[in-house]
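J.: Okay, here's the structure, questions in a sec.
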């Protein structure tokens, strides 16, 4: 019921305001003025006072007021709070007893029954009846405003009422506040939903939030793998992916929701968004494998040194090794240059030495670095007649990076122009000082052609090996490094493995990077099969699942299942990292490409004989790309050219290049039928030069302007046919007809066009030389003035090449 003033209530119950004030005073309500508002609680108190003042049976019957109302009550059971909409039937009888008990201690004075008191009682009865009717009328009016949706269940009504009656007054007040706040929402919900008492869970979900707003930012510890997508990163931080993309845009990186980012980038983003990154290493399988194998048990015994021969191209590295092995290895190399690593072991009178012959061409930097990585001693070959060259300096840098000692072999001393002292001087500028100059580097003059000084060189190598005290365990599971790998037709993937410790046997399970397999055959450097290989022994291994990457570590695993798991894990990780780098590079260049013109591309399908040559060729060809033309190697591999390679070239309009490999008969038929450009090469110089020529043809033509002559306007004539004719004096060069011209005024170009007519004494001429007057007609231009200059020039196309 709404609050009203005492005067309004008196008008409603049809009594005087003064009489009502007296009754309120008797009921203990502190209201002294007729304009004061009276609350619902004070009305109830007045009503109870009037009821208790009449104790007759009739009054008792009248004192039972039944209120039917629709109300939202809140019932709490444990942690749950349920709002239930009920229609209650209420009888006010119990508060009368409580009121009586409260008023028992107070002494009451009996009023004698007189005619005045009788009249007073009758008036009170009228007031009580009228007040009851007013209360019922207001209840009905409220019920009309909020029509009921469902009749009360007879069993639930008393139970809910009983629970409510046990609640304290404070909770009742909170219930009324809850009802007041949700009144409008409940009315809207009632209009559309069927009348039905909701379940406790659904009612709680609709009427109250299931969580509270955090008062402080939530800082989470985000576990980051080696690569993660933007969507997964957002989920780990419990934010939307758009927020992560915004944060990365602020950091200057453009990403998409499904793009993979590396661990370092993800850690920066997590810290930027206020969380703590936790880096996770996913190579647990590999760590467990290393822990399982542990240290190799056994006694370390002396082993042969692994010697890498380095130097500039054509300085005689392979010829030196050829003389040592007493074979003609050089004659088998195309063009007389080494294009992949050769691993050989040589038995000398002083002991065994394993040699690695690396290429000297600049494109084989990675192969040279790989050779220095798995070597003990570097023999630097320098031609006495050529001096220190760029690849010589690079070999010195590789040796220093690998922290291995260097022995300098000054080759070709048999030539008359040889100057070993000049070699020492040039090497000293690179901090390679000979022992006789106070340094620590051994120098040995040799001749790979006559054999002079070779025995002394071997002695120096073995002396250096004794100083290093090279030892290794010669039993147990083998470990090694892949020096080279290739795909052999008929034998499958072949890997040249240099054993560093342990002993490799036939049938061992070998894990090499992303490849694994059982060793089916081992072939020594002399071409003969062997059953085992110890430390410092190079062997060719057959039986791997694919061609491994040169430079990978090879390790013998006792369990094939474990080797398969690790290999597959490495393959997946390699793919994720490769995709992440590819997407990152693509998005970083997207805005750069928007402002550029179309870039011409030369697509290439590249096949090589060994993995090392393939890497060197790929790097060398990619270096040829410029801003205008680009080399795009769409596919590369080790082995012969197959029909699938040709079909790929047809689909992508590519050139097929084979380096020391050939196409089989069905593939050649397909090439001839489809007209695919197939080229074979065996020398890297020729391959790079041909690709340069092809790229030069893709370059946009470039024109050079050459000023032929300059004429100064002395007078202007008008012609009915041509228009303005400029009478000119040729001051420089020659003015020729049909050449492009520029009209200059105050040394500013105001028009570019074509020379339409050239006359001298009313005769058409082809050219006019310096110091001669002539008449010049400019095509489609009549605004020629005295004092202008007419510049005649010609354009010539310049042949462009790739540097």
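Including glycine, each Cβ sits where the backbone N, Cα and C put it.
So Swiss-Prot says this about it:
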REGION    95-125  region 'Disordered'
COMPBIAS  111-121  compositional bias 'Polar residues'
REGION    138-209  region 'Disordered'
COMPBIAS  138-155  compositional bias 'Basic and acidic residues'
COMPBIAS  156-167  compositional bias 'Basic residues'
COMPBIAS  168-188  compositional bias 'Basic and acidic residues'
DOMAIN    302-471  domain 'tr-type G'
REGION    311-318  region 'G1'
BINDING   311-318, 357-361, 411-414  GTP binding site
REGION    336-340  region 'G2'
REGION    357-360  region 'G3'
REGION    411-414  region 'G4'
J.: For the domain 'tr-type G' (302-471), provide the mean pLDDT of the predicted model.
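T.: The answer is 77, the mean pLDDT of the model over that range.
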J.: Taking the Cβ of residue 311 (GTP binding site) as the centre, how many other Cβ atoms fall within a 10 Å radius?
T.: 27
J.: Take the Cβ of residue 317 (GTP binding site) and count every other Cβ within 10 Å, whichever protein chain it belongs to.
T.: 29
J.: Work out the three-state DSSP category of residue 311 (GTP binding site).
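T.: It is in a strand.
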J.: Which number gives the other C-beta atoms within 10 angstroms of the C-beta of residue 314 (GTP binding site), all protein chains shown included?
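T.: Here the count is 16.
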J.: Translate the DSSP assignment of residue 317 (GTP binding site) into the three-state scheme.
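T.: Reduced to three states, the DSSP call for residue 317 (GTP binding site) is helix.
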J.: Run through the Cβ atoms and count how many others sit within 10 Å of the one on residue 413 (GTP binding site).
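T.: Step by step: centre on the Cβ of residue 413 (GTP binding site), count other Cβ atoms within 10 Å, giving 20.
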J.: Sort the residues of the region 'G4' (411-414) into helix, strand and coil with DSSP and give the three counts.
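T.: So the region 'G4' (411-414) is made up of 0 helix, 1 strand, 3 coil.
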